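Q: Below are the structure tokens for one structure; questions will follow.
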Amino acid sequence: MIISAESAAPPSDLSASESARSRPPPLLPPEPAKPHRVLALFNLSVPENIPLLLFPILFIPSLLLSVPTCYFMSAFSLTCILLSAHLAGYLFSRFLRLPALIGQLLTGILFAALLPAFTALPPPFFTIPLKTLSLAVLLIRAGLCIKLPTVRPHLSLAVALSFVPFLVEAVAVCGVSVVLLLTFPAAALLACLVGDVSPAVTTPILIELKAKYQRYEAVNTLCTVLLTSSNVNSVVAIHAFYIVFAITFNTGSPWVRVAIGIAEVVIGAGSGFFLGRLLRYVLTRPSPHPPSNLLSTSLLIMFCYILAAFGKLYNLSGGGALATLTFAVGFVNPKHCHTPPIAALPSRNGIDTDMISDNCRFLWVNMLETVLFSLLGTTIDFRTFSTSTFLYGLVIISCGVVARFASSFLCSHFFSRPRLHPKISAFVAIAWLPKATVQ
């Protein structure tokens, strides 16, 4: 008698195979819903993040409750400027393949040139809170990408890029300005202003580059070091400006200003890092009702805004900016540096720093970048310019750019361990060219 293989199979195997055939195929994950046309126009492709826009929107009604009715026109003019600038930024990035900030800046310049009375309507207590919020979110985005275990092996390169290009460019700009018949105090003040790098330009670009090539460790390390150095460079430039200002206008002893600057750095960095760790500890404690990512983002932005506003209120801009940056660094880095950051760990109690970083990016791209660059454009008045002033400024900027490019290239080549390739050093030098005129 011949027994087939099918009849020889155990009954259990037959039942298992039949159940496997009858089991429905696994469902595919649903495709993400396409954004509405209006939402796509304004890059609002994440509807869950729309409540984050309440941050800047709630500033204006809270101020309008305590001011005369005529300031409603100020709110209207500010809204028109911001909406026009955001639309221009979208058109520049979508059709011209240029950074959105160029369209936003040009929109502010056009409003100031064509409608000067309209751009003069928003008072400072409308614009200053929005600018401070923009600065706070920008520093949060930078701080969330700074990993201390990544920066520590390249500390010499980070310190060199924080100080050397600024000092070299400041000396070059000061010398050229004196040759162009400026007084030495005015030339020194101009050198401190021009010698800074622009975190508002470099930080978003480096973050996007880091996210795009996150599987390459070398790119992540380089972007992290550059993010750290660019923000420290801004703090150094701010303190140098205040020291030169005190010497020029006799507003106090320069040694007192130096001592205040050192105290700002120590207290600002220490307090911000400690408060960031404290907030991380509170949010990651075991709880039956864990906080959502939106609540974590809200708390992070609120505390960083308070630190930045406190620094501006008491003329401690450098300490406030440094405290805001280190707050985010303390929030994202673990207690023990040999363990990976919490962005790389499984989220505990609903805390996900990657999602928090995405929320901050959403807020920056859809509102605060427009606020910063459009309002900067409205402060430029070409009626006060002359041909000689423009040519002098062009010569000064050109000499400063050459000095900064050369010093940044040499720093990145000789202070890196191991030595960087000349092409990578050229990339670092190009990343160090944007100027920080916002502060």
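Glycine too: its Cβ is placed from the backbone N, Cα and C atoms.
Unlike curated entries, TrEMBL annotations are predicted automatically.
Quick paste from TrEMBL:
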- 1-27: region 'Disordered' (REGION)
- 38-59: transmembrane segment (TRANSMEM)
- 71-91: transmembrane segment (TRANSMEM)
- 83-436: domain 'Cation/H+ exchanger transmembrane' (DOMAIN)
- 98-119: transmembrane segment (TRANSMEM)
- 125-144: transmembrane segment (TRANSMEM)
- 156-180: transmembrane segment (TRANSMEM)
- 186-207: transmembrane segment (TRANSMEM)
- 219-249: transmembrane segment (TRANSMEM)
- 255-279: transmembrane segment (TRANSMEM)
- 291-308: transmembrane segment (TRANSMEM)
- 314-332: transmembrane segment (TRANSMEM)
- 362-380: transmembrane segment (TRANSMEM)
- 392-415: transmembrane segment (TRANSMEM)
Q: With the transmembrane segment (156-180) as the reference, which stretch in 125-144, 186-207, 362-380, 392-415 has the largest tally of C-beta pairs below 8 Å?
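A: Checked against 125-144, 186-207, 362-380, 392-415; highest Cβ contact count belongs to 392-415.
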Q: Contact between the transmembrane segment (362-380) and the transmembrane segment (71-91) is defined here as three or more C-beta pairs under 8 Å separated by at least 6 residues; is that satisfied?
A: yes
Q: Count the Cβ pairs between the transmembrane segment (219-249) and the transmembrane segment (314-332) that lie under 8 angstroms and are 6 or more residues apart in sequence, then report whether there are at least 3.
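A: Contact confirmed: at least 3 Cβ pairs fall under 8 Å.
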Q: What residues elsewhere in the chain lie close to the transmembrane segment (125-144), defined as a C-beta under 8 angstroms and at least 6 residues from its ends?
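A: Residues 55-56, 59-60, 63, 71, 74-75, 78, 199-200, 203-204, 207, 227, 230-231, 276, 300-301, 304-305, 307-309, 312, 321, 324-329, 331-332, 343, 353, 356-357, 360-361, 363-364, 368-369, 371-372, 375, 438 contact the transmembrane segment (125-144) from elsewhere in the chain.
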Q: Let me spell it out: take the transmembrane segment (98-119), skip the flanking residues so only those 6+ beyond its ends count, and list any with a Cβ under 8 Å from a Cβ in it.
A: 77, 80-81, 84-86, 88-92, 200-201, 365, 369-370, 373-382
